[in-house]
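Q: Handing you a structure now.
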């Protein structure tokens with residue numbers, strides 16, 4: 001009995017330590033295996049396709065999002081989300097690219113722009129705007145509009161008042177109204193010397209032109225008598241304004257003549273009515289009884 005002699009047999013063979021450590025799979029290897037298995041699972045099984053009738057398969061466009069590598073899918077999804085958030089801003093910036101250009105960018109409004117703005121703002125027919133020799137626009141002149149005829153050509157801005165015809169800005173309303181009257185309403189003043197094409201907006205420049213170009217001496221004083229109204233004490237600033245003032249007198253005289261004729265006709269009718277004697281009306285007698293008192 002060998003176990004009594006402490007003989008338990010041959011000792012078990014001891015395993016020698018491994019020479020090399022086993023290689024653990026990395027996360028990239030695991031993701032690659034998952035991607036490969038996903039692709040393999042999507043492949044058709046030949047054993048199941050033997051006894052089946054082939055069906056027509058439509059040619060669908062390749063969708064790259066169905067065959068993504070999981071290692072890069074997260075980054076692509078993040079980029080797609082960022083693009084979806086930025087899409088409204090990009091579209092808004094593209095839509096506003098054409099709105100940056102407008103009439104405010106141009107220092108002067110062209111004739112076509114002025115006609116377009118007038119036709120869009122009002123339902124009336126566009127005014128017949130003409131150009132003079134200096135290229136300034138002449139707006140239609142109508143005395144029936146009254147003293148506020150320049151109001152539709154004046155627009156209030158942050159810096160003052162702007163002429164909508166030539167886009168010039170003045171500090172006061174009276175200044176821009178005078179500008180509209182002189183430069184865009186009254187016709188230009190021409191030089192009366194033969195074969196001279198000089199024109200200007202200011203009457204004083206005509207005298208300077210005649211003195212400098214034609215040697216005509218300047219007048220010693222302003223002849224206010226030629227610009228004085230024969231019907232009242234008014235003195236106009238220019239011959240054109242004097243003609244307008246006299247025309248108003250003629251309109252008033254015509255209205256006064258009409259009113260006088262109406263008054264004469266009314267008084268004649270009243271006199272004819274007074275000459276007619278009123279007809280006598282018969283009054284029936286009213287029977288009266290003496291007062292009676294009953295007790």
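Numbers here mean position along the shown chain, with the first residue as 1.
Cβ atoms are placed via backbone N, Cα and C, with glycine included.
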Q: Quick check on the annotations: Swiss-Prot lists region 'Disordered' for one of 1-23, 24-46. Which range is it?
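A: Region 'Disordered', as annotated by Swiss-Prot, spans 1-23.
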Q: Summarise the zinc finger (161-183) by DSSP state, stating how many residues are helix, strand and coil.
A: 11 helix, 5 strand, 7 coil
Q: If you run through the zinc finger (227-249) with DSSP, how many residues end up as helix, strand and coil?
A: 12 helix, 2 strand, 9 coil
Q: Take the zinc finger (227-249) and average the pLDDT across it for me.
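A: A mean pLDDT of 83 is what the model gives the zinc finger (227-249).
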